[in-house]
Amino acid sequence: MRGGGGGAALVFLEIPEDNLNPNPVYSLSLVSADQSFTARHPKHPPCPSPSTTMSVSLKQVFNKDRTFRPKRKFEPGTQRPSSCRTGRTSTTGVAVHVVDFFNRINLIYGTISDSCTDQTCPVMSGGPKYEYRWQDEHKYKRPTALPAPKYMSLLMDWIEVQINNENIFPTNVGTPFPKSFMQVAKKILSRLFRVFVHVYIHHFDRVSQMGAEAHVNTCYKHFFYFVTEFNLIDNKELEPLKEMTSRMCH
């Protein structure tokens, strides 16, 4: 991340990990992910179950044929999150939430993708002060400004590979998570937050036109409460939506 001075944009550099498995299989269960979290937050609005209420509500509002990519299907899995404790949650609990947030945010972006084009969004940004640049170990070896749709496509592809990698997101009981898991999970969550930034700042009028404002806000609040409760995103990354979040979540 580079901070610009004066009127310059604050540029976030995208540097994904290169631990990628090209042909993995993933079947992590989503059962009880929200239940364990909401028990810790009686003051917050109830968080719908990831596999029932929220998914049903979103499907009722969103046309699934227009989504950015199909929602990931999950077979009955083997991993289960433990109950959350004060200030921390189980590694499995984090894994379940990462996958759930990926699915939900993927769906949200898909619904506005027709209005997010190379012409309307020539640079992936969050208003005039925040610009996100992509860098990887393959084609983009230097931080590169890309149109938002291209950035989103690369980001979602990268996240999907991570969660499908059994070496990072193990699904068998007894298989330990790698020491690098939390680092990868935090990176995924911080990048997913950037999708919220772009949608809220550049495309929320489209969300409102579709009557999906309440659903997107509920998803965002759940995401924000979770990542801040367990310190999963750096505060600097949260700055673009700080003012809106202070009104919505406090």
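Residue positions begin at 1 at the first shown residue.
For all residues, glycine too, the Cβ spot is worked out from N, Cα and C.
Copied from TrEMBL, the annotated features are:
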BINDING   CYS116, CYS121, HIS198, HIS203  Zn(2+) binding site
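Annotated features, which come from TrEMBL, shown on the structure.
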residue: CYS116; record: Zn(2+) binding site; Cβ within 10 Å: 22
residue: CYS121; record: Zn(2+) binding site; Cβ within 10 Å: 20
residue: HIS198; record: Zn(2+) binding site; Cβ within 10 Å: 24
residue: HIS203; record: Zn(2+) binding site; Cβ within 10 Å: 20
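Taking the centroid of the Cβ atoms of CYS116, CYS121, HIS198, HIS203 as the Zn(2+) site, the other same-chain residues with Cβ within 8 Å of it are ILE112, SER115, THR120, ALA148, PRO149, VAL199, HIS202.
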